[in-house]
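Residues annotated as active site, proton acceptor in TrEMBL: TYR40. The feature active site, proton donor is assigned by TrEMBL to HIS117. TrEMBL lists ASN91, HIS97, ASP104, ILE118, SER119, ARG128 with the feature substrate binding site. What TrEMBL lists as site 'Transition state stabilizer' is ARG35.
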Amino acid sequence: MNGSAHAGRAVASSAGAGPNLLVINGPNINLLGLREPDIYGEENYDALLSLVEQTAREHGFRATCYQSNHEGDLVDAIQQAFGVYDGIVINPAAYTHTSIAILDALKAVGMPFVEVHISAVETREDFRQVSYVRQAAAATITGRGIQGYQDALLFLCDFLAKSQPERL
């Protein structure tokens, strides 16, 4: 997988424990803390990675974070997740509103996923209120800052435990 310096960073591991999750972040998420802090908050991408790591450690699952600014790389990451991960937490960022390719990849791999957004996209500009991936998501979490990632991870763990208990 190509992507940012944080691409493919395994941020937590619990030996033989719960599900193995992939957290995918789209364009500009690597600039958290710099980009429009009045909208996205002042916490940076490392704080997001630390939150994912802490959540995985405390709740006994594995997580890998991946970030790219390139649509094709995000599609590749989703496709490569098949057979490796149990579920995906995804913030497609700006591709939320434009990428049928990301939706098609998520549907093709057929694993449960949760869409997450740092800001409350439903209250922002009209074009940001459109989400292609939402139609196939197990859940969508918006407007909770980076805390939304923890909510998404815990929701996905619970969803997997209820829907696929034999796999975990």
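Just so you know, glycine gets a Cβ as well, placed from its N, Cα and C.
Ranked by Cα separation from HIS117 (active site, proton donor), the recorded positions ARG35, TYR40, HIS97, ASP104 are led by TYR40.
In this structure, HIS117 (active site, proton donor) is part of a beta strand by DSSP. Distance from the CA of ARG35 (site 'Transition state stabilizer') to the CA of HIS97 (substrate binding site) is 19 Å.
Proximity note: of the listed binding-site residues (ASN91, ASP104, ILE118, SER119), ILE118, SER119 have a CA within 10 Å of the CA of TYR40 (active site, proton acceptor), given in sequence order. Calculated from their C-alpha atoms, the gap between ARG35 (site 'Transition state stabilizer') and SER119 (substrate binding site) amounts to 12 Å. Note on ILE118 (substrate binding site): other Cβ atoms within 10 Å of its Cβ, all shown chains, come to 24.
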